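Trainee: Quick one: this structure, given as structure tokens, is what I'll be asking you about.
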Amino acid sequence: MMKGLYSALLVPFDKEGNILESGLRQIVRQNIDVQGIDGLYINGSSGENFLINTEQKKRVFEIVKDEAGDEIKLIAQVGALDLNESIELGKFATSLGYDALSAVTPFYYPFSFEEIKYYYNAIIEATGNDMIIYSIPALTGVNLSIQQFEELFENEKVIGIKYTAADFFLLERIRKAFPDKLILSGFDEMLIQAAISGVDGAIGSTYNINGQRARKIFELAKQGNIQEAYDIQHETNDIIEQVLALGIYPTLKAVLSAKGIEAGEVKRPLAPLDNEGLEKVKSLVSKYNL
Ligand code: SI3
């Protein structure tokens, strides 16, 4: 089963934008051995996927599978504006043994729902793998309705949704209508609300550094220990608030670097942290024992 907590994997780059392969392996191990996650979501937003080329995406899939083997679940995000690239990546990840694919809803052009449906069905047909729809309206501008989710679910290979939205009414409607579909929540700062809403798990960038707290929030909320879960969510959100203020991906990488991991830089045009930012990261790491 694909339920559980997944880190949206960070990918380390050098200053020229090349992947630091040994650092990538260290981040995978950190997630498995220290953060205790159930799986990884590879080449999503947190992997800076939309800033790298096809060969780099394939190399990330390859290294992660080689390092993680069958220890955890692996979801390959293959969504792209070039459908041929999505299919190529989907076939590649499937041949490596990835447990499922995921694809962001196509963005930039105002695609019709028929076009979006065509995109998902084409990737599934070409790869034969399971598909998790990656819905993140704040970044894509694509808001799928419950009826549209239903239509996508008509393809049995669409096993679920990565739901990165704060619309808890829609989430409740989806949960009630599709009790057997997988729903993985995408906003780490709203994990408790998502858990109470009945999601099957979550995918998050901050779980690369804060996976143990996320586990407690999720399990306590599922057991109905809401106050205890909320106490940890409050502390978690103190961390997330500061991480967001500094810049999410460079800050998460700086936290990993402070722990001795070769987490590298973000890929330009994303900007690195300045010295003041790096000092703030040091206090964050020691204050919250990250
Ligand atoms: O790699 C990914 O696709 C994600 O990390 C998605 C995930 O929903 C994250 N979203 C983005 C845009 O980074 C969240 O984990 C997010 O970073 C976190 O909730 C802080 O806002």
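Positions of Cβ are set from backbone N, Cα and C atoms, glycine also.
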Trainee: From S145, S205, grab the residue that TrEMBL records in the same aceneuramate site as S45, S46, T164, G186, D188, E189.
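Mentor: It is S205, as the record lists it for that site.
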Trainee: Quick one: what's DSSP say for D188 (aceneuramate binding site), helix, strand or coil?
Mentor: helix
Trainee: Could you list the residues of the same chain, at least six apart in sequence, whose Cβ is under 8 A from the Cβ of S205 (aceneuramate binding site)?
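Mentor: Listed in sequence order: S7, A8, L10, S45, S46, D188, I248, Y249, L252.
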Trainee: When a 10 Å sphere is centred on the Cβ of G186 (aceneuramate binding site), how many other Cβ atoms does it contain?
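Mentor: By my count, 26.
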Trainee: Quick one, of the binding-site residues S45, S46, T164, which Cβ has the fewest other Cβ within 10 Å?
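Mentor: If we count Cβ atoms within 10 Å for the binding-site residues S45, S46, T164, the smallest count is at S45.
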Trainee: Specify the count of other C-beta atoms within 10 Å of the C-beta of K162 (active site, schiff-base intermediate with substrate).
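Mentor: Its Cβ has 26 other Cβ atoms within 10 Å.
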Trainee: Quick one: give me the count of other CB atoms within 10 A of the CB of I203 (pyruvate binding site).
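Mentor: Excluding its own Cβ, the number within 10 Å is 30.
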